[in-house]
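Step one of this worksheet: look at the structure below.
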Amino acid sequence: MGTHPRGDAIIRDNRIPQKTLGQWIADNPACLGVKVKEAFQGHLPFLFKVLSVSTALSIQAHPNKELAAKLHAQFPEHYPDANHKPEMAIALTPFEGLCGFRPVEEIVSFLQSVPELRALIGEVAAEQLERSGSDDPRGVSAALRVCFTRLMKSEKKFFVDQLNMLVKRISQEVAEGKDTSGSNGDLLLRLHSQYPGDIGCFTIYFLNLVRLEPGEAMFLGANEPHAYLNGDCVECMACSDNTVRAGLTPKFIDVLTLCEMLNYTPAPSSSKIFPAAQSQLDPSIYLYDPPVPDFAIMRIEIPSSIKLYLVSAVDSASILLVIQGTAVGTSTAQPPMTLRRGSVLFISANESISLHLSSPDGMLLFRACCLL
């Protein structure tokens, strides 16, 4: 839902002559709001998605603006625009993802309990990470970079052999009823069943496993390694399709770029959960406002006791998505619209919509916008 050239949203309203949202905004640029129009040269600055993840999505990171421009100039077939792509995922169901590097002591623990991992990284690099002290963050990051790069650049036959040995060993331990949590066994077997022989299976020993409950979010800034593993979420991001991938994917892989660009700062998994702030003006609204100008997201939970709700005007174009509940929406500019699960509305800057709720259990909406 947005205007990226690779997926310009289709307008379903047959009274509108334009076929796509990008065409309509180009003809009506004032709809963006004065600040957004100026800051983003007349373009909608965000993309809004719903993802339903049953098979893990690739190990990846997104470049910052400087690197995005460079990659786009060099390899436009793989990096289709010159923009950065910070993104946020908000869970609709229990949701699992890998995000950011684990605390070093957790990685060291795996290096000591998973000999196949240690073999891939090599004794010198493993010992360097084990010796790196917490009082020297730059030393820790440097050692982490060496270890992860050694892993990702492993020779194919060597890592496939090690992976097969690891999967065989853990499968035997599971069959014998042993605890395999020291080898992250459950997740390894799951990923290997989805992507047999893929180097990405080993990244579970480096990256945090983050579990979100519905309504919880994670924010992924530039150069943050991540992979979505399972669950449903809404996702908002800058208007870009630039993804540097390194595993768990049949798509183009760019290991060299990924290993060079990553943020090698370890942090606990709890720090990866991004908080929402409940609005003081409207207790139905929870705002996720990440540290980038391109987008913000509102989760709007309208209780069943409210039968008339005003989606307030903001000084930005926004996209409204109905996750549950039904209502008739009215605005000054349009005749009444029936809204239900899956309905998507584009709302111009400074426009409001009245919702006349007809569902007995309230509504859940998400609204993407740009709050400059």
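For all residues, glycine too, the Cβ spot is worked out from N, Cα and C.
Curation does not apply to TrEMBL; its annotations are automatic.
Residues or ranges marked as domain 'Phosphomannose isomerase type I catalytic' by TrEMBL: 1-104. Taken from TrEMBL, the feature Zn(2+) binding site covers GLN60, HIS62, GLU87, HIS226. According to TrEMBL, the domain 'Phosphomannose isomerase type I helical insertion' annotation covers 120-207. TrEMBL lists ARG245 with the feature active site. According to TrEMBL, the domain 'Phosphomannose isomerase type I C-terminal' annotation covers 287-327.
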- Query: Between GLN60 (Zn(2+) binding site) and the residue listed as 'active site', how far is it from one CA atom to the other, in Å?
  - Reply: 4
- Message: From the DSSP assignment alone, can you count helix, strand and coil residues within the domain 'Phosphomannose isomerase type I helical insertion' (120-207)?
- Response: 67 helix, 1 strand, 20 coil
- Message: Same chain, not part of GLN60, HIS62, GLU87, HIS226: whose C-beta falls within 8 angstroms of the C-beta centre of the Zn(2+) site? Give them in sequence order.
- Response: ALA61, LYS85, LEU220, GLU224, THR243
- Who sits close to GLU87 (Zn(2+) binding site): which same-chain residues at least 6 apart have their Cβ under 8 Å from its Cβ? HIS62, PHE219, LEU220, GLU235, CYS236, MET237, ALA238
- For GLN60 (Zn(2+) binding site), what is the tally of other C-beta atoms lying within 10 angstroms of its C-beta? 25
